[in-house]
Number of protein chains: 2
Amino acid sequence: MSVTAPQGFEAAGVAAGLKSTGKADVAVVVNRGPRKVGTAVFTSNRAKANPVIWSQQVVADRTVEAVVLNSGGANCFTGAFGFQTSHLTAEKTAELLEVSAGDVVVCSTGLIGTGDEVFRGKVLAGVEAGIAQLSADGGQAAAEAIMTTDTVAKTVVVRRDGWTIGGMAKGAGMLAPGLATMLVVLTTDADVDAADADAALRRATGVTFDRLDSDGCMSTNDQVTLLANGASGIRPGLDAFAAALTEAADELAKKLQGDAEGASHDITIVVRGAVSEQDAVEVGRSVARNNLFKAAIFGNDPNWGRVLAAIGTTRAVFDPYDTEVWMNGVRVCAEGGPDRPREEVDLTPRATDLVIDLKSGDATATIRTNDLTHEYVHENSAYSS
Amino acid sequence: MSVTAPQGFEAAGVAAGLKSTGKADVAVVVNRGPRKVGTAVFTSNRAKANPVIWSQQVVADRTVEAVVLNSGGANCFTGAFGFQTSHLTAEKTAELLEVSAGDVVVCSTGLIGTGDEVFRGKVLAGVEAGIAQLSADGGQAAAEAIMTTDTVAKTVVVRRDGWTIGGMAKGAGMLAPGLATMLVVLTTDADVDAADADAALRRATGVTFDRLDSDGCMSTNDQVTLLANGASGIRPGLDAFAAALTEAADELAKKLQGDAEGASHDITIVVRGAVSEQDAVEVGRSVARNNLFKAAIFGNDPNWGRVLAAIGTTRAVFDPYDTEVWMNGVRVCAEGGPDRPREEVDLTPRATDLVIDLKSGDATATIRTNDLTHEYVHENSAYSS
């Protein structure tokens, strides 16, 4: 069901010929109202793709009628022509839906530098075909149309008393914070105003997608868009809505982690005992981005020294001689030296738990990452070929 | 010849049983004077190994009589016992050489967490054996004794009119700035005072070892030590000495890059047109640490979009729509879009040249790195087993 699980949303996914495999590659999600609240968060990469630049303008007034997404080309670093393509995509959509082009969000994913006339023609034809196929059952087809190296379509539905949140996500590798590299659309029939929608989206992404750091690489195309139409007639409070939205975002984030390119371990890094949440996040990220640690986990090797070496590169408050490291429940380092024998740690399961106790305060944070594998190198060396 | 190329230095390398292979694993370098000037730069990792903590005290007065180095154990996160081991190593050396323990630098490399009583006993026995074998021809043996995953011993000799600089280095992977992970000893018979030696060492390492970023991972054990004895009787000016020292350091840095674990490409990243050298370095590092770019180079894929995506994560002054990217002499990106076809780029040679022109100023910097390969993952996943 994904984005069409809440009332008042329609979606479609069609094959427009952007993917050489012939699979679906253009998705359309339309909000049928009554309200047309929309907001989004974007990559913090300063090299932004054209659809990001376009969509930042669109969401400024917190009104969104539709989202058009394509896989098979990032339309990034494609010059003025590429920006015009995003603009034309919105105009075509607006014309067919009889809405304003300024209320149509555009998202693209694929190889940077792809966005020529052929690309433009296929996207525009895809928009036309997609809108012709819009339906209240189209959520799954839309989720499939945004896949790139994803091995599964990623969707979520969170139900509350009388209202629902639906969502779809694409992303597999190039996952880094601020945001993780991904395209996500979240929909809800709850009656939330623009301010609450925006606040809830930032709260939810801040502790979910922003803390997913698969390979430290930040994309040029990330967008997470939230559409709200109030079709349920129920108005949850901000806290209740934000909690449900966080649940939906967390579920999608876990699915992104679980499908990261070539990964063989899903690593959950819990940092506790930090002086501040910021310190906890910085420590978690430093470990999540350490290639030596990630390669060790791939090899089922509880090499805790690499954890300490990573923490040492941060500015966080900690005492190297009073920090604890736990791997899958076994305390392997305490008081600046080896604790339990590394042989006690079983790293063969895919789910890997790393706990770091800085013993300096009460703050905590969780960062999700993956291991560094032969397959990761292989997939990313062959990406554009 | 390495560290014994200049007059007045002796060295030795012996097998003390720290390496399971039975190869040499303890090295000693002694300055026979007349002057005993010594200085060093250390890892900026806040999780420092015991020999680093010890040696920082030793060089505070800019006097160093000898350097003892061991491979086969990092003596890091080994608690108070480990610090005492570094102290005892210096005391044993001092006793045999009839000098002060406070003038003996100690360096260790190997697995973090290794440094028990057996380790201590072998190191102390190795010191005794090494000092008994000291000779003016011992430079090569010393260079071999500090190897870990290095495939070749790394040495350098730079000769000037009447004076000489010699050096040895170990390091292969875990190479990152501030410093790159390495143990280096540089010796000279030039007559330089403590202030000039220190200034020259910082100048040389700042543009060589500090700009080598093989895998973004910073070690706990890095040390670069310079010993100067004035035995040549010649006193070069600071600029002349610093230039020769930079030449020696650069040569060793290139050898470290060329021997990085599992690498198949040595990538030289030249950033020009930057507003400041700091901007140029930040941009170069962002690319050097981007796993997606590094995996693409491994696959001989001129995926310049990943270069732009990396630059976009920095704070450097640049216009994404007026930045140029050159790969092995071919301009693949200009004015925010594709330029020459990627097919024109031949990435099959090991030496890979990436030039980034930010077109914003006159500053430039060069960063050296390697590609991300199957072999890198393999070697680092099996490191401790």
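Every residue gets a Cβ built from N, Cα and C, even glycine.
Where the annotation comes from TrEMBL, it is an automatic prediction and has not been curated.
The Cβ of A:Lys170 (substrate binding site) lies under 8 Å from the Cβ of A:Ser71, A:Thr109, A:Ala143, A:Ile146, A:Met147, A:Thr148, A:Asp150, A:Lys154, A:Met182, A:Leu183, A:Val184, each on the same chain and at least six residues away in sequence. Residues annotated as substrate binding site in TrEMBL: A:Thr148, A:Lys170, A:Thr181, A:Glu261, A:Asn380, A:Ser385.
Under the heading active site, nucleophile, TrEMBL lists A:Thr181.
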Within reach of chain B, those binding-site residues of A:Thr148, A:Lys170, A:Glu261, A:Asn380, CB-CB under 8 Å: A:Asn380
By the DSSP assignment reduced to helix, strand and coil, which category contains A:Lys170 (substrate binding site)? strand
When neighbour density is defined as the number of other C-beta atoms within 10 angstroms of a residue's C-beta, which of the binding-site residues A:Thr148, A:Glu261, A:Asn380 has the lowest density? A:Thr148
